[in-house]
Amino acid sequence: MATETTSCTGSTVLQPISEMIDLPLDQVNFVVCQLFALFTACWFRLYLHPSKTSPFIRHVVATLLGFYLALFCFGWYALHFLVQSGLTYGIMIFTGLEHMHRYSFVVALGYLMLCQITRVYVFDYGMYSADFTGPMMVITQKITSLAFEIHDGLTKKEEHLKPSQKYLAVRKMPSLLEYLSYNCNFLGILAGPTCSYNDYIAFIEGTGYQHKHLESNGKENGKCKQSDPSPKRDVILKMSTCALCLLVYLTFYRICPVDRVIQDPYFTSQPFYLRVLYIYLSMLCLRPKYYFVWTLADAINNAAGFGFNGYNKDGTPKWDMISNLRILDIEFATSFKSFLDNWNIQTALWLKRVCYERCPYHPTAATFLLSAMWHGVYPGYYLTFVSGIGVTLAARAVRHNVRQHFLGSSTHKLIYDVITWASTQIAICYTVVPFVVLAVGPSLRFYWSWYFCLHLACVILILALPVKRRSSRENAQEKQSPAQNSITDSNCNQKEKTT
């Protein structure tokens, strides 16, 4: 019975390896497929280079390989990727441009949530069920992003668009092949990351390198074939990072899992400072799991020639255009916002572009709510993101009212950085425990063991400290110099075109 269920949800070819190394079959399938995609990406860059073949061939090969990997990992559940893409493409074609982006957003997110509810509450009790909704989360980001980009490009005037929206705006409706290739290509079908439609089409057509050379050098730099920088160094570095992260996760997380601090009576009876230290070390050992997945996905795209982002000051090429994280900036973040800005970067940009920048009321709360809905239907997700709203607002209030008092000397600033680093790490650990344990009961037991201290502290800080309104902050940002705006844009890994 178990074998039949598994065969319906993905290939069982690697079952002996899964049993040998004592890891779930879906995880083994995922890693093997990603490694296959890495080597295929190298072949794609060398033998299907834009100078050697047409964009049509590159689109077809990328799409077919993507569907093959999806079928290998998820079996016939992969048809949901086609259904979701087909429904929203029909909306884009047959509904008016004025409301197409809203309909696409509702249908894509609604279909994703329907699949998540079905997987969690119908098929995931007492039997194996591959998480086919993981790729759908990335496809949902792409569908909704493209819908808004088409709406911006075909219905709005240039002067009504923000600089980033001008760069991302799509000026013509994509064909069905282009749409499926963008959503389901083998480079990002399993783990993303999300990228803009314009950047993906530039990669397929081989024009992305010239744009980045123009941005870096101010002039054209030869033919596409001659100017292609090599991603070899960055791919090797990222694969080395993947190996280290996987080793850390498999070795240390089993020693200090998160749920032990909730369920083990020995740990729950320890002094408070020891429980804080344990939960920090546990999260420190858990994060490499995500570092591994996102860094490997980034390496796959780079190996295919996608992700080039100009040059560093020393002349070496940068391959971080679609990177999903900055590990050192995460581990040494001195604010809650800084941590989130460097964690799952492309998702943060998606939330900002489709929700935060466009929501007229309570954009912070709306963004966290959308993030919870997008992640899934486990109650722990909602506890985490609702808590995140309070932590974000409280951290913003502290920064606006306290930080300036520590900028008088380097010593004071160092003290401020150390305190805010420790506070950020504790706040992250406290906030994301429900995200890890998923269920309501264990999450509330954990918060009760901490006496809901961070929730109470956030409420007090929000009520006691004044914060500028959003409109005031936006007006202040508009007064920034062009150089400052350029720095901000580059931090988002999406360069804006100047007009």
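Each residue, glycine too, has its Cβ placed from N, Cα and C.
Computed from a predicted structure; not experimentally measured.
According to TrEMBL, the protein has these features:
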- 28-48: transmembrane segment (TRANSMEM)
- 60-83: transmembrane segment (TRANSMEM)
- 103-122: transmembrane segment (TRANSMEM)
- 291-311: transmembrane segment (TRANSMEM)
- 380-398: transmembrane segment (TRANSMEM)
- 418-441: transmembrane segment (TRANSMEM)
- 447-467: transmembrane segment (TRANSMEM)
- 475-499: region 'Disordered' (REGION)
- 478-493: compositional bias 'Polar residues' (COMPBIAS)
Sequence-distant contacts of the transmembrane segment (418-441), meaning Cβ under 8 Å and at least 6 residues beyond its ends, amount to 258-259, 262, 276, 279-280, 282-283, 286, 332-336, 338-339, 375, 378-381, 383-384, 387-388, 391, 395, 447, 450, 454
Criterion met for the transmembrane segment (380-398) and the transmembrane segment (447-467) (at least three Cβ pairs under 8 Å): yes
Counting Cβ pairs closer than 8 Å, which of 60-83, 103-122, 291-311, 447-467 has the most of them with the transmembrane segment (28-48)? 291-311
